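Structure, as C-alpha cells:
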Amino acid sequence: MRVIRAVATLHAGRAAAVRQGVRSVSLGACRAAVETPSLRSAGSQFESRRLFSRSSYLRNANMTAAEIALKQAKELAASNMTPEAAAARMTPEEAKRLARVRNIGIAAHIDSGKTTVTERILFYTGRVKAIHEVRGRDGVGAKMDSMELERERGITIQSAATFADWKKKEKGVEETYHINLIDTPGHIDFTIEVERAMRVLDGAVMVLCAVSGVQSQTITVDRQMKRYNVPRISFVNKMDRMGANPWKAVEQINTKLKIPAAAIQVPIGSEKELEGVVDLIDMKCIRNDGQRGVNLKISKEIPAEIKELCEQKRQELIEKLADVDDEIAEMFLEEQTPTPEQIKAAIRRATIACKFTPVLMGSAIADKGVQPMLDAVCDYLPNPNDTDNTALDRSKGEQPVKLVPYNSLPFVGLAFKLEENPYGQLTYMRVYQGSLKKGAYLYNSRGNKKVRIPRIVRMHSNEMEDVNEIGAGEICAVFGVDCASGDTFTDGGLPYSLSSMYVPDAVMSLSIKPKRSSDADAFSKAMNRFMREDPTFRLHVDEESEETIISGMGELHLEIYVERLRREYKVECETGQPRVSYRETITQKAEFDYLLKRQSGGPGDYARVVGWIEPNPNGGEDNHFESRVVGGTIPDKYISACQKGFQEACIKGPLLGHKVIGSSMVITDGATHVTDSSDYAFNLAAQMAFGKAFTAAGGQVLEPLMKTTISAPAEFQGNILMLMNKRGTIVDTEVGADEFTMVADCSLNAMFGFSTHLRAATQGKGEFSMEFSHYAPAPPHLQKELVQKYQKELEAKRTK
C-alpha cells in the first residue's frame, strides 16, 4: 500500500505540475507540488476520483511507478481541461488535421439537382470513376441513390453519407481536405432526414435552381439551417437551362430567406452557351475543359461583354460584406480597396457567423462550376474547431458545456441516424470530442448502459470501409450498438447529454394490415424497424376499431413505407383511406362540478371536483393544469391524479377522438370520502368533468392547413386558379417569363388525389409541394359531418 500511496502522490503532483506547464518533474518535486497549498487540491481530486486503484496498479505491474504516474497524470489532466486549455494544448498535427476537415450537407428544394451535384463532387474527388445520373436512366443510377425506389422515382428518400478528399491549391501548394458529405432529400415528406443531418453538420451547400430561385422547400431547408446555426454557401445550379437568372436567385436569398447574400462569381455565357464563371475575388475566368469538365482553364482575360458587369458585382460584394463584417466596413468607410485575401477572410468570418452566404454558379449536369464550389467549401465553411458545439452537464443542472474536437479529451458522440443492415443495426454517429477506437466501451447517457463498439465503418452511400479508429470532429457509423436516434454516448467519465433534433408532428394517417395472416411476424418486424429508423413514422392500434394505424408526413411518405413492406419484407398489405390528423380545442370558459360516486359491494369510488376549463390563457397549443384548492378539500396526493386525468382526457377528445390542444383546466374545490377516495377515482373524475364541460366550452375541430406551392407553365394559370379556389386561400402568386408559381394555404382534407387533378389541368407539366403550415378551425359544415360520422362509428361499435 505504501507503494500505491507513493505513486498516488507522484501522480497528483505530476497532474498539478502538468497544469502549470511543467513538462518534466521528479518524484521529490511532485511531492513538493502536492504539499503546496495552491496545488493540494490535485491530490484530493485524485483521491475522490479514485483514478488510480489497486486493480489498475496490478494491471500496469510491468510499468515503472513513474510511467504509471505519467500515464495517469495525462488522463487526469485531459479530463480536467477547459475548452480553451484543450485548444491551446492541441498538437500542430491535430490542429492541421482539424483545419482540413469539413462536415457538410447538400440541401435544396426537390429537383434542384442536389444528387447530381453530389455525383459530380464524388467524380471530381476521385470517389467514383464514372458519372451516373438520377432515375437510373443508364441502368446504374446516381451513387448516393442506393435504394431501388430512389432510382425508379428519381428522388432521394433517405439521406446518404459519404466521404471524399479534395486536393486544393493554396499559394502554389496542394492541400488535401477531408470532406464528410451527406446528401439529403428535397421532398417535404422526408424532412426528418434533413433535420437530423443539419443537427450534426458544421456547414452546408444550399442548392438553388437558376430558373425557379427560392422555392417552398428552400425556405424549409433555410429554417432548418437556422435552427441548428449551420453556415451555408449557396450554389445556383442549372445555369444551362433556358430562362436561367442567377440574379433573381441572389435577390430572393436576400429578400425571402432574409440572409445577406452576394455573388462571388459571374457566369460566362448563358443557357446552352454556358462556358464557366468569373471569380470576382481574384477577377479571373474559370472554364471547364476536357471530358466531363475535369480540367480547369484559368485566365485573367475577362470577356469584354461582361467586364463591366463583373466590376459592378464585385463592388456589390464588397458593399454587402461591409454590412456584415467590421474590418471590411472600416476599409469601406476609409475608401480603401480590400485585397483578395482580405475579401476571402471576411467572407469566411461572416459565413461562419451565419451573417452571410456567398453565392456561386454553375450547372452540375453540364459539368460546369463544381470544382470552384468545392474550393469554396474549403475556403468558407467551418472546420469542426470553428463551430460552437455544446453539451448539457447533467451534474450541474444541465449547464451548457462547450465541446472541443480534441482526441485526448473524454469521448462525446451523438447517434443521429439508425439503419437496418444485413449485418445488424447500423448507427450513424458524429464524434464531437475525443476519439473512438474499435473494441472500446461507451456509455449511453440514456440509462447509462455500457456498450462495446465491435466495428467502426466509414460510409460511402451503401458501401462500407472498415476503420480501427475515428478522430474528433468526424462522422462514422458503428455496428452492434442498441440505441435510439438522438442518444448521447460518452466514455463514462462525463455526465453529458446532447440535445436531440426537432421532430415534427405527423399530419396524415391510414389503416393498414397484412393480406395474409402468415405475414404478421414479418409485418411487426418491419414496423418496429421503420419506427426505430424514422421518428416521424408512427404506429398505434386504435382501441375501438382494433385497426393498426400508421401516421406520417404525407401521402408519399406512407406510400413509400407500404411499398418497402412489399419489396423488402414480401408483405402485401391492405390500406384504408388516408386520414387527416385533426385536433380539438375549446373556445370559451365553462364551469364544472362533477361527482363520481360508485358502489359495488366492496370499497367504492368517490371523488368530487369543482372548477372550470378554458382556452390556455398563455396561448399556444400546450395544455395547462392548475390547482387553486384551498383548505385541503382535495389532498395534494389526489391533485396529481387530477392532473394526470386531465392529460389523459386530452389524448382523445370528445368530438372526434383526436388530440386536444390549447386548453386549460383549473380545479378550485372538491370533496373526498374516508374509504372510497383514491388516485383512480380522482383521475377518472377529472376525465369525466373535462368531457362533460367540453361541449359547453365551445368544443371545436381544428384541421391542418398545408402551405402548398404549385409551379407550372404560364399558359395554365387560369386552370390552376380554378383548382386552388376550391381547396384553399391563395397567399401569393409570382409570374415569370415562362412559368408561374402560386402559394396557397389548403385544407389537407381537400388535397387527397390533387396530383391527378393537377396533371389533367396542366397536361402533366405542373408540379406541387406541400408542407404543414398550422391548425385552423374547420368549417362548420365539415365539423358537423365529422362529428356525426364519429358518433355513428361509436354507436356501431356499442351495438356489436
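Even glycines carry a Cβ here, placed using N, Cα and C.
The GTP binding site annotation in Swiss-Prot covers 108-115, 183-187, 237-240. Annotation comment: Swiss-Prot describes 99-385 as domain 'tr-type G'. The transit peptide annotation in Swiss-Prot covers 1-59, and the record cites sequence analysis as its basis.
The Cβ of Thr184 (GTP binding site) has 28 other Cβ atoms within 10 Å, all protein chains considered. Most buried of the binding-site residues Lys114, His187, judged by other Cβ atoms within 10 Å, is Lys114. Within the same chain, residues at least six positions away from Ala108 (GTP binding site) with a Cβ under 8 Å of its Cβ are Lys114, Gly186, Met206, Val207, Leu208, Cys209, Gln217, Thr218, Val221, Asn237. Cβ-based neighbour count (10 Å, all protein chains) for Met239 (GTP binding site) stands at 27. The Cβ of Asp111 (GTP binding site) has 21 neighbouring Cβ atoms from other residues within 10 Å, across all protein chains displayed.
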